[in-house]
Amino acid sequence: MEKKHSGGERPPLSDFNEAQREAVCHREGPCMVLAGPGSGKTAVITGRLEWMIRHFRIRPEEILVITFTKYAVKEMKERFLARMGLKHCPVTFGTFHGIYYGMLRQIYHLAPDQILTEEEQKAMAEAAVRDVERENRKRPKDKDVLLMIGKVKNNGGFSGITDDPEDRQIYHAYEKRKKEAGRIDFDDMLLLCYQLFCRQPQILKKWQERYPYILIDEFQDSSKIQYEIIKLLAGKRANLFVVGDDDQAIYGFRGATPGIMKQFMEDFPQASLVRLSVNYRSSAFIVQASGKVIRKNKFRFSKDLEAVHDRGKPVHVQELKDMEQEAEYVAAAAKKKLEEGVPPEEIAVIFRTVQDASMVMSAFMNRGIPFFMKEKAFHLFEHFIAEDMKAYFRIAMGERNRSDFLRVINRPNRYISRSALEKERTDFEDLKLFYCDKEWMLDRIDAFEEDMEAVSRMAPYAAFQFLLKKTGYQEYLKEYSQKMQLEEAELTEIVDELAQSMKKMDTMKEWIEFTQVYTDRIRQMEKEEKFTKGKTALLTMHGAKGLEYRCVYIIEAQEGSIPHRKAIVEEEIEEERRLFYVAMTRAKEELSICYVKEKNGKEVYPSRFVQELFTRPRQEAR
């Protein structure tokens with residue numbers, strides 16, 4: 001049961017609805033605000049800050065506001081100052097890491113150059129993996145080591161994160177190298193701060209007195225260690241005002257605790273609970289459809305959002321044959337919107353992973369649609385399989401560069417030695433001369449030459465299929481994935497996307513030139529990534545969080561993509577559902593959801609989340 005709020009008489013705040021006013025005017029003690037998409041949470045936080053300072057007469061210096069990104073900090077501060085009509089106000093705004101770094105700098109005189117940069121951290125993690133490889137005499141499983149290390153630190157230990165002894169080895173090897181270098185990483189700041197507050201109560205008391213009032217935005221993204229520090233900082237007074245939406249908790253993969261909002265209410269049973277249930281962003285169609293999807297999650301606070309706007313169209317679900325047709329459909333739809341006068345920056349294409357965007361980027365380039373990628377683009381044509389195909393194609397076209405031969409001569413293994421390829425320009429005759437006394441090797445070289453002659457007469461797509469199936473390259477990829485402990489599906493997806501890119505090409509030369517133009521344009525786009533005005537947005541579902549657009553296209557909405565094939569247990573499926581919900585709720589007026597029927601040469605099915613939008617399910621997901 002929700003408690004009465006401890007604010008005094010209700011103020012005449014005409015720009016807030018009733019629930020927002022309750023949150024703004026909350027006086028003392030803990031309070032949690034459940035803020036659904038588009039419900040005006042930033043306005044509530046900035047309005048509350050103003051009310052605290054002007055009506056409760058709280059000194060600005062005593063207020064700490066924490067959010068998760070530097071961009072969010074900047075936006076929050078600017079909106080607060082605009083509301084106050086001031087150029088400066090001594091309220092402290094910062095990220096968790098920024099605030100804790102400031103504390104540690106004062107206590108330990110921590111210098112910026114003691115903190116590992118992203119590149120240094122990556123290099124140290126790679127070195128730790130090599131240490132473990134030498135110790136175990138085998139290559140560790142391919143994984144995101146830094147992600148694992150970050151999760152362990154944000155969790156405050158290994159419990160519930162990983163049971164793999166190899167992970168512990170890598171973690172300790174990384175920590176050993178870091179200690180020897182006298183450096184720390186970003187997540188160490190959390191652990192150091194927690195240890196400092198636990199071991200030195202007088203220092204904790206000093207910071208409690210400095211910040212008796214704490215406000216946290218996007219609270220659902222907090223990790224266990226971040227939350228523990230905040231509880232210590234809040235102390236017995238617990239003037240802790242947290243705003244978030246458990247339905248948008250999508251960072252469990254990097255250490256956030258999805259159930260943290262329920263945990264807050266258990267830790268602070270006296271806390272006030274305010275639900276912001278009016279969506280000012282999306283049309284009623286989008287609010288209803290997204291609500292239908294998210295209500296299937298079991299572990300959440302129940303909430304029913306209502307829309308203010310009736311504008312817009314019903315949510316559209318589009319079935320396409322394959323990724324190529326899907327990309328063409330979305331590019332044509334986006335082009336039409338631009339011709340109708342929709343600004344490019346009001347259009348977004350959203351997908352599960354950056355790899356899903358390759359075909360759409362190509363289709364947008366072909367139609368001259370300006371776009372930007374928020375995250376680093378996936379360079380499909382720089383993948384080793386693409387580079388192998390370029391080398392094979394060049395050899396088939398008659399080029400005789402040593403580097404091309406060296407690249408593919410033993411992919412698959414033909415047992416040809418590098419010493420047989422000493423000349424910068426290599427020929428099959430040179431290889432035969434080198435192995436003139438080995439009949440079985442001459443047979444292998446003849447077979448390779450015949451394969452290249454056959455490929456030389458083919459269009460790129462047919463040549464690719466021939467190389468995969470007739471030369472043993474497909475088997476090589478299978479062996480490679482086993483050796484590197486990769487999922488075979490990861491390489492299969494690359495193969496399928498490369499095949500799609502070749503289908504409309506007449507010659508191998510045309511395809512190679514296309515890959516270069518495509519890669520050059522992606523690199524140019526990355527250089528201009530800060531200039532987003534006048535461009536359509538291409539975003540992952542994680543990258544889309546906090547943003548909004550008039551027209552949104554969600555692509556690759558099939559089983560295996562969303563929910564991702566690696567999501568197996570119930571809590572992982574629930575996070576995937578929240579991710580899809582975040583993608584849906586970015587749309588203001590129009591939302592189109594696309595899925596394909598065929599991927600990687602196999603039949604695929606619409607996502608279970610998409611099927612839930614149908615009155616009667618289409619094809620049963622398998």
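Positions of Cβ are set from backbone N, Cα and C atoms, glycine also.
According to TrEMBL, the protein carries these features:
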type	residues	note
DOMAIN	14-283	domain 'UvrD-like helicase ATP-binding'
BINDING	Ala35, Gly36, Pro37, Gly38, Ser39, Gly40, Lys41, Thr42	ATP binding site
DOMAIN	284-546	domain 'UvrD-like helicase C-terminal'
Report summary line: Residues lining the ATP site besides Ala35, Gly36, Pro37, Gly38, Ser39, Gly40, Lys41, Thr42 (CB within 8 A of their CB center) are Val44, Asp245, Leu276, Asn279, Tyr280, Arg281
Query raised in the report: What residues, ordered by sequence, lie under 8 A Cβ-to-Cβ from Lys41 (ATP binding site) and sit at least six positions away in the same chain?
Result: Val33, Ala35, Asp217, Val243, Leu276
Query - Greatest C-beta neighbour count within 10 angstroms, which of the binding-site residues Gly36, Gly38, Gly40 - result: Gly36
Query raised in the report: For Pro37 (ATP binding site), which residues in the same chain are close in space, meaning a Cβ under 8 Å from its Cβ, but six or more apart along the sequence?
Result: Asp245, Gln248, Asn279, Arg281, Ser282, Ser290, Leu305, Val582, Thr585
Query raised in the report: Who sits close to Thr42 (ATP binding site): which same-chain residues at least 6 apart have their Cβ under 8 Å from its Cβ?
Result: Glu75, Met76, Arg79, Asp217
Requested in this report: Under 8 Å Cβ to Cβ from Ser39 (ATP binding site), same chain, six or more residues apart: give me those in sequence order, or none if nothing qualifies.
Outcome: Leu276, Ser277, Val278, Asn279, Tyr280, Leu305
Query raised in the report: Within 10 angstroms of the C-beta of Ala35 (ATP binding site), what count of other C-beta atoms is obtained when all protein chains are considered?
Result: 28
Requested in this report: Please give the average pLDDT for the domain 'UvrD-like helicase ATP-binding' (14-283) in this predicted model.
Outcome: 91
